[in-house]
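Q: Pulled these from Swiss-Prot:
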{"type": "BINDING", "residues": "PRO72, GLN73, TYR74, ALA75, LYS83, CYS84, ALA85, ARG86, ASP87, TRP128", "note": "(2R,3E)-phycocyanobilin binding site"}
Amino acid sequence: MKTPITEAIAAADNQGRFLSNTELQAVNGRYQRAAASLEAARSLTSNAERLINGAAQAVYSKFPYTSQMPGPQYASSAVGKAKCARDIGYYLRMVTYCLVVGGTGPMDEYLIAGLEEINRTFDLSPSWYVEALNYIKANHGLSGQAANEANTYIDYAINALS
């Protein structure tokens with residue numbers, strides 16, 4: 001899994017050298033941001049249920065047909081609503097994993113790689129998840145560096161969906 005730290009180490013090792021001062025500074029910067037990233041991951045995790053439920057409601061409000069149309073890809077039944085919440089939760093989990101490792105590796109490997117195919121196969125609209133992620137970003141309650149760190153990965157997911 002790629003992270004800024006593993007990439008710096010891999011580059012140095014491939015060239016048979018020690019880490020350069022620039023690479024060491026990048027690693028140090030990651031460690032300085034790590035506390036804020038872990039704070040964000042903890043907060044998102046402890047508030048996950050509230051954020052997921054609120055994000056699902058935001059999707060139903062912006063796209064009312066999602067809770068009115070019958071079908072496996074819609075939230076017109078309890079099963080459909082549970083699937084919607086599960087999917088939103090998956091995006092939120094990926095954000096927390098990225099926060100913990102300090103890079104987009106988890107999202108790249110476990111989510112983005114097959115995202116377009118999954119959405120097409122199951123007739124899911126990326127705009128639903130963009131709305132959910134925008135809700136989470138606007139309502140996560142984080143501030144300062146913790147918010148910056150979380151928003152970086154939320155924006156990364158939004159851009160992947162756009």
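Yeah, the Cβs are placed from backbone N, Cα and C, and that goes for glycine too.
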Q: Other than PRO72, GLN73, TYR74, ALA75, LYS83, CYS84, ALA85, ARG86, ASP87, TRP128, which residues of the same chain sit close to (2R,3E)-phycocyanobilin? List them in sequence order, counting a residue when its Cβ is within 8 Å of the Cβ centroid of the site.
A: THR66, GLY80, LYS81, ALA82, LEU124
Q: Taking only same-chain residues 6+ apart in sequence, whose CB is under 8 Å from that of PRO72 ((2R,3E)-phycocyanobilin binding site), what do you get?
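A: Within the chain, PRO72 ((2R,3E)-phycocyanobilin binding site) has Cβ neighbours under 8 Å at GLY80, LYS83, PHE122.
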Q: Compare all C-alpha positions of PRO72, GLN73, TYR74, ALA75, LYS83, CYS84, ALA85, ARG86, ASP87, TRP128, the record's (2R,3E)-phycocyanobilin binders, and send over the largest distance in angstrom.
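A: Result: 15 Å between the two most distant Cα atoms.
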Q: Could you check what DSSP calls PRO72 ((2R,3E)-phycocyanobilin binding site) once collapsed to helix, strand or coil?
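A: The three-state answer is coil.
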